[in-house]
Amino acid sequence: MNAGIIGIGRYLPEKVLTNFDLEKMMDTSDEWIRTRTGIEERRIASDDMNTSDMGYLAALKAIEHAGISAQDIDLILVATVTPDRPFPSVACMLQERLGAAKAAALDISAACAGFIYGMVTAKQFIETGAYKYILVVGVEKLSKILNWQDRNTAVLFGDGAGAVVMGPVSEGRGILSFELGADGTGGKHLYQDEYVIMNGREVFKFAVRQMGESCINVLEKAGLTKKDVDFLIPHQANIRIVEAARQRLELPEDKMSTTIRKYGNTSAASIPISIVEEYEAGKIKDDDLIIMVGFGGGLTWGAVALRWGR
Ligand SMILES: CC(C)(COP(=O)(O)OP(=O)(O)OC[C@H]1O[C@@H](n2cnc3c(N)ncnc32)[C@H](O)[C@@H]1OP(=O)(O)O)[C@@H](O)C(=O)NCCC(=O)NCCS
C-alpha cells in the first residue's frame with residue numbers, strides 16, 4: 001500500500017505586514033530584508049486567532065478536498081512549535097472541532113522540519129494498513145514568540161497553516177522515499193527561550209549543506225536522478241538557502257516554490273502552504289515527481305520524494 005497526499009488546504013491570516021511596515025517598527029529596511037532573505041511581506045494572525053484556529057480552517061479545506069468526512073480520519077498529526085498551550089495538543093483541539101471522533105491525535109515538535117516528520121510518520125501507519133486516512137497539519141503562530149525589538153529574527157517569520165489528508169494511493173504514486181535526521185548538538189543555534197533566539201550564520205551554513213544533501217539522498221533511495229525531478233518544494237526559510245538547493249538539483253527557476261516572498265518563514269506551515277499555492281497555480285500535476293525538503297531548530301531535517309496523484 002502506498003501512502004500519498006489525497007487532499008490539501010491552507011489558511012493564511014488576512015493581515016499583511018510588509019517590509020515597509022517593519023521599517024517603522026525597528027532599525028531595518030525593505031532593501032536589507034529583500035536582498036538578504038527574499039521576503040517582501042508576511043501574514044500576521046489577529047489576537048483572537050490562535051494556532052488551533054488557523055489549523056482548523058486549513059484542515060477543513062483539506063478534508064473537503066480529499067472528499068472524505070472528518071469521521072473517516074484515523075489519526076491527526078499537527079506539526080507546530082507554537083501550540084495554543086502545552087496541552088491539550090493542537091491535534092486534540094482539532095479532533096474536537098472537526099468532529100473526528102475516532103481519530104487518535106498528537107502534536108509533533110520538529111520545528112520547521114515538523115511537516116516532513118508528520119508526513120513520514122503518517123506514511124508508516126498507512127503502508128502497514130493500520131490506518132487509512134491521516135490528517136497532517138503544519139501550523140504556526142510565530143508572531144507570538146517573536147521579539148519585535150529584535151531585527152535579527154522578527155523580520156523573518158510569519159503566521160499560517162497548511163494541511164494535507166494522506167491515504168492509500170495507486171501504485172507508483174505517493175511517498176517513494178524519505179530521509180529524517182536530527183543533530184541535537186546544533187540546538188544552541190536556534191531555540192525558543194521566551195522568544196526565538198537564532199544564530200543566523202550557523203543556521204544558514206547548516207541549511208545550505210543539509211537541504212542539498214537530503215534532496216540527493218531521497219532521489220538515490222528512490223532509484224531516481226536529478227533529471228527525474230519535476231518540482232521542488234523546500235521549506236521557505238531564506239531565498240538564498242532555497243536557491244542553493246535548486247542549483248544542487250540543477251532545476252530551472254520556475255520548478256521551485258518561492259512563497260517566502262509573500263509569507264516569510266512560516267516554519268512547519270511553509271511546505272503545506274506552498275503545496276496548495278503551487279497546486280492551485282497548476283505547477284503540480286498528476287505523476288509529477290516532487291521533492292519536499294525541510295530543516296529547522298533541533299536541529300532537524302527531513303525530505304521526501306513524492307509522486308503526485310491519488
Ligand atoms: C538571518 C540572515 C538573513 C542574516 O543574513 P546575513 O547575510 O548572514 O547577515 P549577517 O549575519 O552577515 O548580518 C549582517 C548585518 O546585518 C544586520 N542585520 C540583521 N538583521 C537585520 C535587519 N532585519 N535589518 C537590517 N540589518 C540587519 C546584522 O546586525 C549585521 O550587522 P553587523 O555586521 O553590524 O553586525 C541569514 O543568516 C539567514 O537567513 N540565516 C538562516 C536563518 C533561518 O533560516 N532561520 C530559520 C531556520 S528554520
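Heads up, residue numbers simply count up from 1 along the chain you see.
Every residue, even glycine, has its Cβ placed from backbone N, Cα and C.
Of the candidate ranges 141-145, 156-160, 236-240, 276-280, TrEMBL annotates residues 236-240 with the feature region 'ACP-binding'. Sequence-distant neighbours of His235 (active site) (same chain, six or more apart, CB under 8 Å from its CB) are Cys112, Ala113, Met211, Val242, Asn265, Ser270, Ile271, Val293, Gly294, Phe295, Gly296, listed in sequence order. The average pLDDT computed for the region 'ACP-binding' (236-240) is 97. Taken residue by residue with DSSP, His235 (active site) is part of neither helix nor strand, so it is coil. Using a 10 Å Cβ-Cβ cutoff, Cys112 (active site) registers 33 neighbours.
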